[in-house]
Amino acid sequence: MKTLKTLKIFIIICIASVSLASFAGFGESCSSLPTTSDGYLETDTAYGYIIRNIDMKDPRGNCNSAASSITFCFKNIEGSSSPCTIYNLNEGDSKKISDLSTDNNPDLGANPVLKDIVLTVKKWDNDLCLVMPTSRGPMPVACKSLSATPTPTPPDDENCNIGKSCYTGANYSQSLINFSGLAVQCLSETLNKVFFAGNSCSSQDQNSRITNLAAFSTFQGYLKRIIGAALILYTMFFAFNMALNKEYASTEKIALFVIKFLLVAYFSIGLGPLDFSGGQPTKENGMLKYGLPLLTGAAPDFAQMIFNAAGSRGLCQFDNSKYKDGYKFYGLWDAIDCRIGYYLGLDLLYNIDKNGVLGNSIGNGPGGNNTPIPNFDPDGKKDRPKDLSKAGALRFFAVMFGFFMAGNVIILAAGLVFSVIFLSILLYFITHYLVCMITIYVMTYISPIFIPMALFTRTKAYFDGWLKVCISCALQPAVVAGFIALLITMYDSAIFKNCEFLRYDYEKGDIRFSTFELRLPNGGADKCQESFGYKMLQYYAGEGWEEHLLILFPIKSIVKDVVSILAELLCVLVFSVIFYYFSKSIGRFASDLTNGPNMDAVTASPTKIVDLVKKGAAFLKDAAMASQGKPSVGDKPDVGGKRKEGEQQGGDSESGAGGGLADLASGSGGGK
């Protein structure tokens, strides 16, 4: 009797253990699955939920690596006779969740959120996996290893020569409006792919008439072989001289020769194999490992140091610790992009979020008064334009239009001139930086030619000229950045005076961004309230607008604080005009200071937009005079002669600049 009871207890324990094992096995895969760094997909999405309802390691599953299909067990509804249903799918097969969960399970097949998700069997590296779409691309939910190494999938030809940051770089920025940092990173990665990484595009089909040209990296490889052969000949000639002349056999000359030869070889053709990449021996090139990162990293580092010492307290100062490794240079460009949005009235940057776009803040930055600014227009006045309620609108131009409708044409003209000059100067800095970066990459690409020239007395001048251009292009953006930092400091002081700013940090998935709320200082709050920036913020929020009839149509305009706004804006305009004329010579000043080439001929002129506006105004004036039967300004002989003389002087100055560059090049090429 005791034996029978003992047997029953043993059977019950076995059944319970098998049952527990069958349910506890859900979520197990034959091969380990990739995980995200933040664990977001595995814990907070349907992806992780579906993983926890699939079993492959249970005896009903199949981890056989020799089979060309994948077998898995899909969990059934609680209380079913079987804990899960076994399915066998071949590569390329697809099934919806509703097709796999046919028992009307409210947690899976009957769930309106999950039922239409498609699971597809695909090869994933060396595994065969059940893959589902996610917010971060297709991800495997169950995998098994393959006994044979699968044939490599053909590379995707799309964007094979364009940097990945060109379409994902915005995720590394902390500014809501970002384009300059994206442009810099996109160009940097693209140049690296074109010049050094090689052509990753697959070859054309045999029937195609398109012929792929050899990649730049292939040509440089051939060039390095030629330079290597020349260095071997150089070593042989030195050995001959040492054997024929005892002066060359001195310890000092031999040591100097060895040091120079190793440095030239390391930075021109590379030494190796010194390391292994992907199991293949690779050469280590000093110019690519140290020279290029140093030259391209010096400009943003110097410029950012200058920017950190400029500007208002707290405005557009992002948390550098939140930038990912390798993308900290975005801090410089985010500061520029942020100010463009702030000066032009991007409401979200002011932390004005009436539409709930930003979400909840996850933190605050240091500085700023704890007392927030008054809640302007809490109920939404009828007098304000509808454009002020749109998220992401540049409200500066809407406010300028409000002044125009009130007849304040001078304020409109001053505001437009300020915005045009400000954007022109920033555009010049961005293009100047990009041109210098392209020059550095080109100089690095042709470095195998110029670096060995340091070995010979007659060609040493060519190496000095090459080195001078590299160093100048690394330092010129820092000089221009100092000018931009001074400009921004003057603008911040003139527009916001002593106002303070409190940073709000937000995070949505992998994207982190910040806003800056204007705060009144603890002392001297009246001065901040009288500033142009504070009053513009009132207009952005809907204060100060009035609605009245113009003939038969209702219009909305601004008639409040017109005199003070005009005075403050004229002060800003004075600074703009001063910097406008100074910006004409900043390029030449930077080139003279760094003893390098002048980049103004290949960059966007800081006065280009203003010059186009002036030409347009002159054209309209001439057209108006012609319509009245009067001779245009261009037809007057004296003025026309002056115009031609000015053009001739401009041409002479340009040719003089070109001659200076030619003299510099000829000086670099000659001996000292």
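Including glycine, each Cβ sits where the backbone N, Cα and C put it.
Swiss-Prot annotations:
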| type | residues | note |
| --- | --- | --- |
| COMPBIAS | 633-647 | compositional bias 'Basic and acidic residues' |
| COMPBIAS | 656-672 | compositional bias 'Gly residues' |
| REGION | 626-672 | region 'Disordered' |
| SIGNAL | 1-24 | signal peptide |
| TRANSMEM | 226-246 | transmembrane segment |
| TRANSMEM | 254-274 | transmembrane segment |
| TRANSMEM | 410-430 | transmembrane segment |
| TRANSMEM | 436-456 | transmembrane segment |
| TRANSMEM | 469-489 | transmembrane segment |
| TRANSMEM | 562-582 | transmembrane segment |
Candidates 226-246, 254-274, 410-430, 436-456, 469-489; stretch with most C-beta pairs under 8 Å toward the transmembrane segment (562-582): 410-430
Contact check, the transmembrane segment (469-489) vs the transmembrane segment (226-246), 3+ Cβ pairs under 8 Å, seq sep 6+: no
The transmembrane segment (436-456) versus listed stretches 226-246, 254-274, 410-430: most Cβ pairs under 8 Å: 254-274
Close approaches to the transmembrane segment (410-430) from elsewhere in its chain (Cβ under 8 angstroms; 6 or more beyond its ends): 180, 183-184, 336, 340, 343-344, 396, 400-401, 403-404, 477, 480-481, 484, 487, 491, 562, 565-566, 569-570, 572-573, 576-577, 579-580, 583, 603-610, 613
